[in-house]
């Protein structure tokens, strides 16, 4: 076991003169003696030092101990022997030292006192702590008469509680007659002693039922003080004044606190206004995590006090009129505490051991040594024992000198008592860790392999891996003092068998344990933050990787608690699905993966969003003729910030029931300045929009009416277009009700012909958006204006729009039409444009008509192309102009002829009557000659089997020739043909074909399948017939043989792979084959029928009289028999095969 380490910040550490001896004592102790070996008593369980008992219950004082032999117990009370057996109310539990005292019907005070337990056997005596046993008390409140208190407003006040002294002290609180606790605040404070402090009183503090209550925890009783009456007067109120301290009083005080306890400091001040309290320690603010403030900073607490908490604590009370300070000097004392407690020693005979009792405290404790409960000064002299202050040295101990030593360290604040036995044994090693234990650990974590052992002398521990590799302390391994092997960072290669060996001078003992290093459990796919609209589904993924030998358990938590029991929550293998989410589903969701060895977790948040709640409380302010300010209160955003507000209006006068969008403002605004129109009965509403969508509309605002006025604008989209000769139709877009600005809306339509100087003509139109002017000239420009007016005036001056009166058909045809030929397929047509006045409308373009094909060209053109003409053709063409009304008269017709061009390809090219050395070609004339046909050109070339092309041959033919026979060609050769027609302009495109010079009615393909040729089929049939004849001959010869002398030879050799032939049919008997044991099997032989001598010890030569190794009768065995299996794997793979027809045929060749 590793030694305990003292607090590095501790000041009360004794001199370090005996450090070497201390380390030695640590090395020789810390062993547990197995209970089957003799040992002195050891206290294993005992009651606390201070015990307060309830007189209604039994008193139980615990004292348990172990030892070999089992110890006996005795007790003292108040320093004298306590005869347990003589008191019928006292029972000592069997095989235990625990006392049970029945105080029913007795005076409990009779059993108060200080108790101590002693455990004894033949090897020594152990003693317990001193147990102080006291009865809980809840005394009654002393009778007193409380005088009524009258106090002026603004002064301070203290109401004394003075609770009775109880055991333990009572809990104090103030209440009224209705059992309602008085609310404490910065002005009203309850101090630790129970008194109630008013920093300044107010009229509302007047009451007659200030009652102090005391609750006693052990008896669960509550007692109350007589009510106190307080009257606050306002006749001479106290004015505002600087703070002053009510508790503690004066400018300074002192406070002592014990180490490890809680320091509580109070500062309660009076003043008007009520002062605020702040704290400093040694002139700086308190930032220690063990420091906390309570009662509006009037109380300071420091938990787990250390010597560093000593110092000067300054509390400051301040208000606007000044401040006051109080300094509290805190000192820290300490009851004895352990630096190194004495531990049990197991020593072999003639060994030396050390007991060390190192303590500290303030003041420094006094150390006293005892042996078997007797002070060492009164114990028999022992020359092997030497005492040096806090150390006992035992030299060359002998068998039978076992004992229990006690160390008592005490000062004015308490004591410490420790037992440590010295057991003298001679014991060979034993390993206490169970054998073959399997330790499992996760990769990269430390692994602890235990080897708890016992022996005297203390065994030395050595470790081996896989029974051969010795393990030493290194960067990877640590062998602890108790024998535990620690692998600092376990890796998969550390898995295996480990052996620990415990050795001392009396023998050795080994133990085997096993280590398995597992892969860590990790969440590969973690749940992600989700923002989900209410009513939809949220899916959290949690994909896990783990060691195959470990079974993970996946648990989902919500806000670190269990998932709600609801069918909407569906947990699957790697996911959590929440259906129909609600606001209550918001929170953190944690995927917790747990295996027997490790765990992992990942957390994600779920935010449930919804459309915003509608705005409320719409108000209209700052009202004018043309504007008003609208304000509202936004609704709940439902976790999605509002992006904008949409303001809509309803026109109750013109469009009741219809809501129109008016304007938008940002989502941070709660007001909007609205521009209004005259003569509208407005009602407004507001919608909020977030990422989810628009809220429901708010309730409508109150109605707001604007006064009528003249129109602010005129109609839009004013146009003037003639629909026929002699008219002009004027149209516009009417104003809506919001734009009318008042009743009696009409439109003043004005027009005049442009650039004529005429006066404006006008006409008023109501409830219409069209007016037709008649009797106009054909297609002339007009200036047009449309102005709105109502009962309250006219709109602004309207803009002038240009329109045109109606069109008529053009009067003139294009003149001077000319044709310009570019080539045999393309020409251009030119003309002179018609006069503008003859168009009588908007000129749209020209149309050309030739050979029943009409081309339309937009714009005022004077030439256009004529594409896609046929060569050697005659065309007639004319041109017309057109406007929106229609087409004008055609121009005079022009006739032109296109020149010749190259012809098209011949209509077909066929190959007929192929022979071995000739082919006949037939073709047809082109479908389009494009001129006078001059003849044909034929090109052809041979192509061999490797696709190599031979030289090209060229032949020409007259226009009336359409066939030719090509002779002197190569047989079975592929030929390619290219044929084109020609005019004086040249040759046209080719038509192609190809053919073989073989006798086949179909055009052969380039690749010939030999399997379809007749000569090849016949050859195969002949070969198959020959093979069949040879097989029949082979089997006839096999069946002719009888019993040969080879049978006796085989029986003499007893070769397991050679069996005799059956006598009835002369064939081989069953052949023993180690693979499949099929009949009629033998080894393959060379094709000449002989067996090589070096391949078989049983060659055929051994059976015959000659040396040629063959039979001379009918040769039926030649090529069919062999001895042992062939050794060459490539000849037989060491397996036998049945004679094949091919082998049989080969034997006759």
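Here the Cβ of each residue, glycine as well, is placed from N, Cα and C on the backbone.
From the options 971-992, 993-1014, 1015-1036, the stretch TrEMBL describes as transmembrane segment is 1015-1036.
Across the range of the domain 'Ig-like' (520-607), the DSSP-based residue counts are 3 helix, 47 strand, 38 coil. Looking at the domain 'Ig-like' (336-423) alone, the prediction's average pLDDT is 93. Sorting the domain 'Fibronectin type-III' (813-901) by DSSP state (H, G, I as helix; E, B as strand; all else coil) yields 4 helix, 46 strand, 39 coil.
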